[in-house]
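Inspection log for the structure reproduced underneath, given as C-alpha cells.
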Amino acid sequence: MTDTHTGTASVPGAAPPSSGALAGTAEEAALIRGARARARRRRLLILLTQVALVAAVLGGWQLGASSGALDTFTYGSPDGVVKQLRTWFADGTSLGSIWHNIAVTMQETVLGFLIGTVSGVVLGIALGRIRALADVMAPFIKAANSIPRIVLGSMFIIWFGLGPSGKVALAVVLVFFSVFFNAFQGTREVDRNLIANARILGASEWRVTSHVVLPSAMTWIVASLHAAFGFALIGAIVGEMLGAQAGLGQLIAQAQGNFNADGVYAGTLLIAVLALIAEFVVTRFEKRVLRWRPAQSAGDGTGL
Amino acid sequence: MTGTARDGSGTPAAPATAAKSASKSAAASASEAASAAAAIELRAATKRFRTPSGGVYTALRDLDLTVAPGEFCAVVGPTGCGKSTTLSLISGLERASAGRALVHGEPVTGIDPRVGFMFQTDAVFPWKSVLDNVAAGPQFRGAAKKEALSRARDWLRRVGLSGFEDRLPHQLSGGMRKRVALAQTLINEPEILLMDEPFSALDVQTRQIVQDELLALWELTRPAVVFVTHDLEEAIALADKVVVLTVGPGTVKDTFRVDLPRPRKVQEIRFQPRFVELYEQIWSSLRDEVRLAYARTAGDAPAPESAPVPAPATASGTPSPSTSASSSRNSSPTTADRAE
Ligand SMILES: Nc1ncnc2c1ncn2[C@@H]1O[C@H](COP(=O)(O)OP(=O)(O)O)[C@@H](O)[C@H]1O
Ligand SMILES: [Mg+2]
C-alpha cells in the first residue's frame, strides 16, 4: 500500500510530490535539460521581440515627430514626454510637487479600494447567506448598479467639495459593485457539504461564515480584486478630472486644458506604472490566500 | 407506483424463507429489548421533498429503525432509496415530515453535539492543513487552540497520519483524506456516528485497510453507528445488524443480525462460511429492490427472472466474494475475478 504511513512519515511537511524530476536516469536528465534550454531560448526570443516592438513604436513616433510628419502640438513626442517628466520630478508641477500629486491619487485609490472591497465582501456574504435579506435588497441593488458612475462623480463634488473625500466615494462605488457581485456569487456556490460538516462539528453560524464561507468564496472575491483596483484608480482619476486641488487626474486635466499633449501622456504613463505595481501586489495577495488550491494544470508553460 | 405495492413487506415480521427467519427473529427481539434505551430511533419517519416542478416527492415512508448504544448498524438499499435522507433526519440536518426521530430518547430538534457525521464526498476543508482540519471540531466547540491542536495530533497518530500535519488535503491520497475525515469526526468523541458511503470512492484494497482502521477506532469508544453503503460485503463485514431498505420511497424491508465474532479482519472474514451464508440471505432480499430500482431507471424494462443480476445492479450490490459453489447464483465472471 503506497497509502500507508511508512517511509514518508519521517519527512514532516515535505513539499508536495514534485514532477518526478528526481527520479532521473541519465536519459531523463538529458531530456529535461534539453527542454529547459528550449524554454529559455523561447523566452529570450519573446523578450527580444517585445523590446523590438516597443523600440519600433517609440522610434517611429519620435522619428515622425522630429521629421515633422507628426504634429507635435497634437501628438506630442517621446522626448517631449521625457522632458515633461523630468520637469515634473525636478521642479514640481503647477499643483505642487509631483510626489504630492502621486500620493494624493494613491491615497484616494487605496482608500476607495479598501472601503469598497470590505463593504462589498461584507454585504455580498451577508446577502449570500441570508436569503430574506437578498430578496429585500435585490431591486435596490440592481437600481443602484444601473446608474452610470460618472453621474455620481458630479453628485459627489456637490456633496463633498473639491477635497479627496469625493474621489474616495466615487472609487468606493466603483469597487463596491464589482466586489459585491462576486462575493455574493461565491457565497452562493459554497459546497453545502462543507457547511453541513462544519455545523455538525459544532460551528456556530458565525464560525461557519468565517471558517467555511469566507475562505471558500475567496476564490471569487480575489478574482474581482484585479478589476477592482483598476476601478478604484478610475474612480480617483475621473473624480480628480471633474475637479480637484491636486492629483494625477487633475494634472492631466490641466495639461489637456493647456493643449499640452506631452503632459497628458506623461500623466498617463505615471498612472500606468501605478496600476502595474498594484496589479503585482494583488497577484501576490492572490497567491497567498489561495495557496491551498491544487496547482493549476501546467500553468508555467515550460511544456516538456 | 411500485413502491406502494411493496408497503406490506416493510414490516419486520414479513415472512420469508425458513433459512432467513432465524436471524431475523433474533434481530427483532434485540431491537425490542434495546428500544427502552435506544441510541437512535426513527418511528414511522416520513420525509417529503418539494420537487422543482412544484410537486412533492416522498423519499422515505414510515421508516422504523432502532440502534442500540454501541451497536454498529449498516443500511443497504438501491440508489435513491433514501439512505442519505435517513441519516440527515438522525443528524438534524433535515426534519422529518411525519413521524419522529429520537436520539437517546429525545426528539431531534437541531444538530446534536453527540452526533458525528462522515460524508460521502470529501468534506474536509481544503484550505485548512491536516492538523487544522482535525482540530476544527474542538475549536468550533470552544476549546483553546493549544488544547485542540494537541488533541488533533493525538488523533492523527491514531489514524496513522503523524508527519502529515502540515499537508493540505489536496496533497494527500484518497485514503489519507478519508483518514483525516475520520479523525476529524472522531475527535469530538460522538456517541452516535453516522457514515454515508464514506469509503465508496476508494479502491478496493485501500477501502479494506480503512475499514479495518474504522473497526479498531470504533472499538475504542464504541459509538452507535449507522453506516450507509451500497456495498453489501462492506455492510456485513462491519456491522452487527444490516437493514435492507426498499426502493424509494424507502422503508425497512428486512433486518438481519450479523453474528460474526469480533474483532474482525475485513479481508479475512469474507471467506468464513457464515459470512457467505449471510451474504446470500441478505442479497436475496436486496436483489429484488435493486432490480426494481434498475427497472425504473431503465424505463421499466422487466429484468429476466433467473438471469444474472444486470450490470448496474452488480455494481451496487457487490457480488458474493465466496469461492464456494453455494454462491453459484451470482456466477458472473467478475465474481470469480474478485475472489482472488
Ligand atoms: N433536497 C432534496 N430535494 C428533493 N429531492 C431530494 C432531496 N434530497 C433527496 N431527494 C430525493 O430523495 C430520494 C432519496 O435520496 P437519497 O436519500 O439521497 O438516496 P440514497 O439512498 O441514494 O442516499 C432521491 O430520489 C432524491 O432525488
Ligand atoms: Mg446517498
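For all residues, glycine too, the Cβ spot is worked out from N, Cα and C.
Feature annotations, courtesy of TrEMBL:
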| type | residues | note |
| --- | --- | --- |
| REGION | A:1-22 | region 'Disordered' |
| TRANSMEM | A:44-63 | transmembrane segment |
| DOMAIN | A:102-282 | domain 'ABC transmembrane type-1' |
| TRANSMEM | A:109-128 | transmembrane segment |
| TRANSMEM | A:140-162 | transmembrane segment |
| TRANSMEM | A:168-184 | transmembrane segment |
| TRANSMEM | A:217-238 | transmembrane segment |
| TRANSMEM | A:264-283 | transmembrane segment |
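A Cβ distance under 8 Å defines the sequence-distant neighbours of the transmembrane segment (A:264-283), meaning residues of its chain 6+ beyond its ends; these are 76, 80-81, 84-85, 88, 102, 105-106, 109, 222, 225-226, 229-230, 233, 237, 248-249, 251-252, 255-256. Packing against the transmembrane segment (A:168-184) from elsewhere in the chain are residues 108-109, 111-113, 115-117, 119-121, 123-125, 127-128, 134, 141, 144-145, 149, 152-153, 156, 159-160, 217, 220-221, 223-225, 227-229, 231-236, 238-239: each is 6 or more residues past its ends and has a CB under 8 Å from a CB in it. Sequence-distant contacts of the transmembrane segment (A:44-63) (same chain, six or more residues past either end, CB-CB distance under 8 Å): 69-70, 75, 77-79.
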